[in-house]
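Annotated features in Swiss-Prot:
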DOMAIN    7-136  domain 'RNase III'
BINDING   GLU49, ASP122, GLU125  Mg(2+) binding site
ACT_SITE  ASP53  active site
ACT_SITE  GLU125  active site
DOMAIN    162-232  domain 'DRBM'
Amino acid sequence: MSQDSFKQYLLSEFNIQFNNETLLLEALTQRNYLNEHPDEPGRDYQRLEFLGDSVMQVSVAEYLFKRYPNWHEGQLTEMRIAMVQTRSFAHFSRVAHLNEGIRLGKGEEMSGARDRDSLLEDIWEAFIGALYLDQGFEAVRKFLDQTLFAAVDTDFFDRFIDFKSRLQEKLQKNGAVDIDYRTENEQQLSHNAQLFEASVSVDDHELARGTGKSIKDAEKAAARAALKLLEEK
């Protein structure tokens with residue numbers, strides 16, 4: 001996608017129009033591109049990536065603080081950690097099509113860098129840093145509302161939360177207990193896929209069950225279900 005097309009895309013999809021377009025170019029520029037174009041002014045994305053990391057931390061913390069007024073500090077911290085996992089940033093770079101605007105060197109382009117998670121993680125933070133410098137926190141929040149924050153009501157961030165450790169910590173708060181996970185059922189699905197059902201019990205009393213495409217995922221789902229039951233009591 002050309003830079004003009006990418007700027008038009010940002011405007012039509014997110015209502016984002018940079019006042020200082022140099023910031024946008026910097027956020028999308030890899031070092032190898034500048035090495036191959038020494039006559040072009042400007043920097044690569046790395047300084048903006050540094051800034052964007054901090055902007056993400058603050059934006060996510062504020063979002064969670066306001067959205068979940070009854071959550072304690074531990075719950076807020078755990079969810080914040082899950083939401084600012086750099087592994088998730090690569091996903092949201094693709095969702096927002098930031099990968100299509102990156103300025104790459106020819107060698108990096110040929111090696112598939114445009115779809116490389118590590119680069120997309122960096123570009124996400126650099127874009128956030130550039131948007132913050134250009135338009136402030138409110139513009140960043142609006143962009144996140146359409147991308148990262150929109151995923152909060154799905155199970156996307158569950159992959160980054162250790163529900164088994166959370167359950168163990170909660171159950172053993174007042175002393176040692178015996179926590180046992182069992183595989184209760186296994187189904188063979190189409191295309192060689194499998195579905196597992198697992199249970200979690202405490203001192204031989206079953207708390208909850210969960211399903212997943214692997215035993216590990218099923219146990220994690222069971223732990224999550226158990227936590228939900230305990231938190232509702």
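Any Cβ shown, glycine's included, is placed from N, Cα and C.
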What counts of helix, strand and coil residues does DSSP assign across the domain 'DRBM' (162-232)? 30 helix, 27 strand, 14 coil
The number of other Cβ atoms within 10 Å of the Cβ of GLU49 (Mg(2+) binding site), counted over all protein chains shown, is 20
What is the interatomic distance between the Cα atoms of GLU125 (Mg(2+) binding site) and ASP53 (active site), given in whole Å? 6
Counting across all protein chains present, how many other Cβ atoms fall within 10 Å of the Cβ of ASP122 (Mg(2+) binding site)? 25
Can you tell me the CA-to-CA distance separating ASP122 (Mg(2+) binding site) and ASP53 (active site), as a whole number of Å? 9
Across the domain 'DRBM' (162-232), average pLDDT on the 0 to 100 scale: 88
Other C-beta atoms that fall within 10 angstroms of the C-beta of GLU125 (Mg(2+) binding site): 25
For ASP53 (active site), the same-chain residues 6+ apart in sequence with C-beta under 8 angstroms from its C-beta are GLU125, GLY129
In the domain 'RNase III' (7-136), how many residues does DSSP call helix, how many strand, and how many coil? 95 helix, 2 strand, 33 coil
Taking the mean position of the Cβ atoms of GLU49, ASP122, GLU125 as the Mg(2+) site, which residues outside that list, in the same chain, have a Cβ no more than 8 Å away, listed in sequence order? TYR45, GLN46, LEU48, PHE50, GLY52, ASP53, PHE89, GLU121, ILE123, TRP124, ALA126, GLY129
